[in-house]
Amino acid sequence: MAFFTPWKLSSQKLGFFLVTFGFIWGMMLLHFTIQQRTQPESSSMLREQILDLSKRYIKALAEENRNVVDGPYAGVMTAYDLKKTLAVLLDNILQRIGKLESKVDNLVNGTGANSTNSTTAVPSLVSLEKISVADIINGVQEKCVLPPMDGYPHCEGKIKWMKDMWRSDPCYADYGVDGTSCSFFIYLSEVENWCPRLPWRAKNPYEEADHNSLAEIRTDFNILYSMMKKHEEFRWMRLRIRRMADAWIQAIKSLAEKQNLEKRKRKKILVHLGLLTKESGFKIAETAFSGGPLGELVQWSDLITSLYLLGHDIRISASLAELKEIMKKVVGNRSGCPTVGDRIVELIYIDIVGLAQFKKTLGPSWVHYQCMLRVLDSFGTEPEFNHASYAQSKGHKTPWGKWNLNPQQFYTMFPHTPDNSFLGFVVEQHLNSSDIHHINEIKRQNQSLVYGKVDSFWKNKKIYLDIIHTYMEVHATVYGSSTKNIPSYVKNHGILSGRDLQFLLRETKLFVGLGFPYEGPAPLEAIANGCAFLNPKFSPPKSSKNTDFFIGKPTLRELTSQHPYAEVFIGRPHVWTVDLNNREEVEDAVKAILNQKIEPYMPYEFTCEGMLQRINAFIEKQDFCHGQVMWPPLSALQVKLAEPGQSCKQVCQENQLICEPSFFQHLNKEKDLLKYRVTCQSSELYKDILVPSFYPKSKHCVLQGDLLLFSCAGAHPTHQRICPCRDFIKGQVALCKDCL
């Protein structure tokens with residue numbers, strides 16, 4: 001508060017000066033009136049002199065504080081408060097002088113009837129104001145008209161909370177909250193961004209400053225290499241980025257030619273890789289060069305590269321010490337209000353392990369950074385598991401859920417959970433320019449390559465592989481000494497470099513799935529090299545209800561095959577989804593593949609350029625820190641009614657569309673549903689993942705009572721779910737056709 005001391009002292013000194021001046025002036029007036037009765041000075045003239053002095057003071061004060069957001073709710077000791085104080089002081093002085101003049105006039109003339117310029121009229125001027133001086137002294141605030149709250153679904157609830165809790169932390173009063181609805185509204189619109197800004201309010205200078213720095217695309221990796229060199233944990237990712245550097249540079253240049261990448265705000269972004277911290281107990285970085293899982297490292301390296309090339313300021317953390325150093329300004333801040341001033345970060349990319357570390361490190365300040373989080377989450381987190389109390393009521397004991405974030409803040413490896421956002425990765429092309437020329441000359445052999453580098457994946461698959469072996473050679477890339485489950489006719493190449501694997505795939509006609517691992521990147525790499533993928537069908541579908549692998553994961557998603565993305569979004573002739581236990585079905589697929597000629601195919605979303613486009617759109621358009629959700633645009637909305645027993649994900653998919661959860665809020669009022677020919681004879685609010693829904697017999701609508709429970713997953717047994725679907729760009733399913 002030291003910053004405001006000069007204003008406070010200045011106003012006190014001026015007040016003292018005015019009181020003294022008024023007293024001396026009054027005495028002089030008395031003396032002058034008695035001595036010079038023939039030329040009485042007008043009280044209005046004297047009043048004008050005092051007002052002129054006050055105007056000069058106010059003008060100087062305004063100049064000193066021109067960068068302060070001023071107004072009736074701007075906080076304590078602002079120019080507005082000083083003006084009100086001065087107004088009260090002047091009014092008091094003028095009233096006293098008016099009484100003094102009246103007494104003098106009575107004393108000299110014996111009556112006040114002939115006084116035409118008496119200041120007794122001054123109080124009537126005050127009465128013309130919206131609020132009287134006495135009201136201001138008693139703390140009454142000016143009324144303000146609240147704007148419409150459409151598009152700000154949380155605003156009303158936040159105002160109700162503030163009415164009960166605004167005294168729980170003195171920081172609210174520091175921001176000008178005084179118990180009135182208008183002060184709540186201004187705080188929630190300008191400090192925490194849950195409500196629309198009042199049109200007459202000036203913009204916060206910090207917000208204005210935020211838009212001064214623009215992002216410029218980068219076309220070299222020097223700064224990023226230097227940044228990542230400090231961490232041995234980043235070695236595998238660093239090597240991947242170096243291998244793909246030329247492709248990335250070409251991609252960012254190509255994207256800049258296709259769409260306008262200028263006038264984008266350069267954002268401060270924290271990237272915290274919890275899985276790579278020593279405290280996590282995982283050894284992903286250590287096993288990366290010896291056959292360990294690479295999916296997370298692939299996704300992280302591609303994300304970091306994209307953020308960097310798009311021109312944002314990134315800071316990378318892979319230890320608790322680094323995290324604390326970056327966030328030290330707010331660590332320990334127990335205030336219920338956000339930290340004032342320049343922001344440390346504006347976006348935070350993190351994983352589930354890092355999420356727990358981040359919350360523990362920040363303590364109470366955590367709540368102010370929740371909306372900035374983007375959580376890398378390969379298998380996804382459905383709303384049912386994300387909502388803490390709802391998950392508890394359903395008996396879910398997963399250690400990965402209950403974060404109470406907007407479900408779209410979870411970023412997945414594939415677009416399998418529409419409630420989440422699809423981040424994806426890049427399918428690497430390991431070849432240099434001379435390789436590319438040579439690879440096109442490679443002739444396809446009558447051979448297949450099995451997708452499974454661990455011996456245990458091959459268990460109980462011999463009959464299935466025998467069918468394939470009847471028609472072609474079977475090759476493998478299994479590592480390790482154990483090969484007991486591998487048939488003797490298989491030609492095992494062991495672990496291959498990325499380059500050698502590409503050449504092997506170019507010689508191969510069929511890439512053979514064994515049913516595990518689920519949803520890996522390898523099938524996409526095979527398809528990109530011209531192989532057909534034999535995709536094992538799961539009947540019944542696999543989920544946490546019947547498969548140990550999914551137990552504990554925060555999703556009830558059902559996998560209909562080893563690779564649902566390839567099944568749904570690619571399909572034939574590149575992907576053949578078959579029942580491994582149906583000999584005829586397998587044989588028919590193998591014969592068809594041998595008789596067809598297919599070209600290499602790579603979905604745009606798994607290229608460098610596709611990922612850059614998608615991440616840029618998310619950074620520019622996705623905003624969970626402000627109440628109004630305007631993206632994707634409403635022009636993309638297509639409303640569908642699901643049949644009982646059918647989820648929104650299913651009904652949208654049947655119509656070649658995607659379920660878009662951000663549109664649910666536009667289908668949660670009776671008047672909104674009328675626009676889409678859904679007429680509610682009656683309605684009620686209910687907190688459940690299966691609503692909004694419609695019961696056609698009675699035309700009864702059930703609307704959502706908790707915004708975090710909007711869900712594309714889940715089927716109602718008797719009601720029709722009211723589903724928000726949207727179109728998508730072929731090869732870029734995360735974006736609608738009007739999204740760019």
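Keep in mind that glycine also has a Cβ here, set from the backbone N, Cα and C atoms.
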Cys712 pairs with which of Cys652, Cys659, Cys680, Cys739 in a disulfide, per Swiss-Prot? Cys659
Swiss-Prot has Asp377, Ser378 down as binding substrate; which of Lys163, Lys553, Lys591 does it also list for that site? Lys553
Among the candidates Cys144, Cys195, Cys337, Cys371, the one bonded to Cys171 through a disulphide according to Swiss-Prot is Cys337
Compute the C-alpha separation of Cys625 (disulfide bond) from Lys553 (substrate binding site), stating it in Å without decimals. 27
Nearest recorded site to Asn446 (N-linked glycosylation site) by CA-CA distance, among binding-site residues Asp377, Ser378, Glu525, Lys553: Glu525
Hey, does DSSP put Cys725 (disulfide bond) in a helix, a strand, or just coil? strand
C-alpha of Cys723 (disulfide bond) to C-alpha of Glu525 (UDP-N-acetyl-alpha-D-glucosamine binding site): distance in Å? 34
Please report how many Å separate the Cα atom of Cys337 (disulfide bond) from that of Cys701 (disulfide bond), as a whole number. 38
Sort out the sequence-distant neighbours of Cys659 (disulfide bond) for me: same chain, 6+ apart, CB within less than 8 Å of its CB, listed by position. Pro418, Asp419, Cys648, Lys649, Cys652, Gln653, Cys712, Cys723, Pro724, Cys725
In all the protein chains shown, the tally of other Cβ atoms within 10 Å of the Cβ of Cys155 (disulfide bond) is 22
Given the disulfide-bonded residues Cys171, Cys182, Cys371, which one is most crowded in terms of C-beta atoms within 10 angstroms? Cys182
Compare the Cα of Ser378 (substrate binding site) against each of the recorded positions Cys144, Cys171, Asn333, Glu525 and report the nearest. Glu525
